[in-house]
Amino acid sequence: MSRAVRPYLVLATQRSGSTLLVESLRATGCAGEPQEFFQYLPSTGMAPQPREWFAGVDDDTILQLLDPLDPGTPDTATPVAWREHVRTSGRTPNGVWGGKLMWNQTALLQQRAAQLPDRSGDGLRAAIRDVIGNEPVFVHVHRPDVVSQAVSFWRAVQTQVWRGHPDPKRDSQAVYHAGAIAHIIRNLRDQENGWRAWFAEEGIDPIDIAYPVLWRNLTAIVASVLDAIGQDPKLAPAPMLERQANQRSDEWVDRYRAEAPRLGLPT
């Protein structure tokens with residue numbers, strides 16, 4: 001007897017390892033086309049830009065390292081057209097839908113869902129259900145080492161490369177900045193706390209995956225997600241993506257850990 005096919009939504013924070021998971025699921029050809037559908041701002045049609053991540057920061061030594069804002073092109077799609085795009089773009093021919101949602105994107109998702117007809121309720125859980133079509137399997141990816149996560153984020157903000165390896169020249173121009181890393185740590189901790197509070201409030205018990213476990217057991221974890229969404233676990237591929245961190249990232253992590261206590265910065 002065939003099992004029920006279910007959609008899934010990966011819940012995470014930036015640089016937590018979620019891309020490693022969703023790209024491995026995508027590679028199966030049977031687990032949807034998981035994308036970060038809910039990151040695009042209607043005002044620009046773009047994901048948040050470096051300066052938007054540092055909104056409210058007035059430290060010029062940070063701001064001078066960030067690219068200027070791009071005005072983009074406003075997204076004028078109707079709410080129903082937007083929902084249809086999300087549904088069709090995330091689905092493989094077998095009917096499985098996959099996607100990824102960061103905590104900082106939840107307010108925008110709720111705002112866009114509020115304009116849809118025939119709502120099933122209020123709040124984030126109803127918004128997810130009304131956009132996707134039904135309740136997904138929730139998969140929570142998190143990274144216990146938030147300092148390494150923040151360093152990875154800070155490098156990506158400067159190079160503007162969020163997956164794969166950046167251009168060596170631009171990567172060499174990325175600059176260590178303890179204050180910027182601290183700002184990102186606070187942001188990431190707030191986001192992760194948001195997810196955990198929401199799980200408790202809604203009584204949700206997601207598939208919980210820590211990055212170190214994911215990295216060491218990728219094929220087995222992908223198999224477990226496939227099983228949860230009604231697909232053959234044997235389709236889980238061998239590891240694909242390479243680790244983006246390198247010796248320079250490790251040096252920045254060590255330097256920040258050494259400096260943070262003296263500077264009163266979070267770790």
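The count begins at 1 with the first shown residue.
Backbone N, Cα and C define each Cβ position, glycine as well.
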Additional site residue, Q14, Q115 [criterion: listed by Swiss-Prot with E33, P34, Q35, E36, F37, F38, Q39, P48, W53 for alpha,alpha-trehalose]: Q14
Rounded Cα-Cα span from Q14 (alpha,alpha-trehalose binding site) to E36 (active site, proton acceptor), Å: 11
The one of P34, P48 whose CB sees the fewest other CB atoms within 10 Å, among these binding-site residues: P48
Site extent for alpha,alpha-trehalose (largest Cα pair distance over Q14, E33, P34, Q35, E36, F37, F38, Q39, P48, W53, Å): 27
List of residues, in chain order, with Cβ under 8 A from that of F38 (alpha,alpha-trehalose binding site) and at least 6 apart: G99, L101, M102, Q105, T106, L108, L109, R112
Cβ-Cβ distance under 8 Å to Q14 (alpha,alpha-trehalose binding site), same chain, at least six residues away: M102, Q149, F153, L188
